[in-house]
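According to Swiss-Prot, the features are:
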BINDING   Gly75, 78-79, Thr83, 85-88, 103-111, Ala115  5-phospho-alpha-D-ribose 1-diphosphate binding site
BINDING   Gly75, Asn106  anthranilate 1 binding site
BINDING   Ser87, Glu221  Mg(2+) 1 binding site
BINDING   Arg161  anthranilate 2 binding site
BINDING   Asp220, Glu221  Mg(2+) 2 binding site
Amino acid sequence: MTLLPDPQHPLEEAEAEAAFAAILDGAVADEAIARFLVGLSDRGENASEIAGAARAMRARMIPIKAPANAIDVCGTGGDGHHTLNVSTAVSLVVAACGVPVAKHGNRAASSKAGAADTLEALGLNLDRAAETAEETLADLGICFLFAARHHPSMGRIMPIRKALGRRTIFNLMGPLANPANVRRQLVGIARPAYVPIYAEAILRLGTDHSFVISGDEGLDELSLAGGNELAEVRDGEISMRRVTPADAGLPESAVTAIRGGDAAHNARALRALLEGEHGPYRNAVLFNAAAALIIAGEAQDWHEGVEEAAEAIDKGLANALLNCWIAALE
């Protein structure tokens, strides 16, 4: 079995790529993987480690063809807030605005319901979603890239992640290994201090336009509770700024106002949102959708993004898209 480097010492990008290549290829014992992941997490992963690990994951994924302007909206998870599925709802709303969305996601690793769990509860056939991803992306402007299907090397890692029950570098790697090789991303991470580090990892890997976001309370999406850290990665540069709900013309609300439950609960909430229900969940989706629309070049500012997203919901476009998507995969 391959010996992993000491996680207490920072790794260069090539070292990290080699270590995770060994892990993903099954050349490392489970106990050693668990110790390595915990060691990295306790020390704090750096940009070169995140980028190197993502490169190893990319090299082993099953890719799909996608439009050059396709976008992904996802969070790293592991924030412990167990909110409703904001990025999943945002993906539907943004796609309904005409932006191709290659939604990359998985079942829950440390929460009650991940994107895959909730979409399945809504009636989406996950197996068919994986088999027809290119087709549905071309025909409907949205697809779900089920990580379990596109990253077969991750199969033996999931039990380790489940057993650890905590955030690891795999939360950080996932969004950077989208099988559609998207060049535009909205990525939420659970630790505000990590925003510039994660942005540097994205810069190393290459992007056309991406936002890395984190709510001050450690939410892996733009939060309505107050301030948010935002790093914009574009034209080979990183720019940092603060963003609040007021910037988008939205009211503040506590994180607990969008607390989720199991997959069935979250699916009902998402469906109610798309059917026009107002409240904090809708506002959270509008806030994050506005960010995605700015990245996609469909909105010039936060207010315009919120207006476009609200229109996609209120005209029933996002709900109709979900229905068409479910029907197409039956």
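Cβ atoms are placed via backbone N, Cα and C, with glycine included.
Checking Cα-Cα distances from Asp220 (Mg(2+) 2 binding site) against the binding-site residues (Gly75, His104, Asn106, Arg107, Arg161) with a 10 Å cut-off leaves Gly75, in sequence order.
Around Gly75 (5-phospho-alpha-D-ribose 1-diphosphate binding site), the same-chain residues at least 6 positions away in sequence with a Cβ under 8 Å from its Cβ are Val86, Ser87, Pro175, Val187, Gly188, Ile189, Ala190, Asp220, Glu221. Sequence-distant contacts (6 or more apart, same chain, Cβ under 8 Å) of Arg107 (5-phospho-alpha-D-ribose 1-diphosphate binding site) comprise Gly114, Ala116, Asp117, Ala148.
In the three-state DSSP reading, Thr83 (5-phospho-alpha-D-ribose 1-diphosphate binding site) counts as strand. For the pair Asn106 (anthranilate 1 binding site) and Arg161 (anthranilate 2 binding site), the C-alpha distance works out to 13 angstrom. In the three-state DSSP scheme, Arg161 (anthranilate 2 binding site) falls into the helix class. Residue pair Thr83 (5-phospho-alpha-D-ribose 1-diphosphate binding site) / the residue listed as 'anthranilate 2 binding site' shows a Cα separation of 20 Å. The number of other CB atoms found within 10 A of the CB of Glu221 (Mg(2+) 1 binding site), across every protein chain shown, is 31. Recorded residues the residue listed as 'anthranilate 2 binding site' and His104 (5-phospho-alpha-D-ribose 1-diphosphate binding site) have their alpha carbons 18 Å apart, per Cα-Cα distance.
Candidate binding-site residues: His104, Arg161. Fewest other C-beta atoms within 10 angstroms, Arg161. The Cβ of Asn106 (anthranilate 1 binding site) has 23 other Cβ atoms within 10 Å, all protein chains considered. Just so you know, the Cβ of Thr83 (5-phospho-alpha-D-ribose 1-diphosphate binding site) picks up 24 other Cβ atoms within 10 Å once every protein chain is counted.
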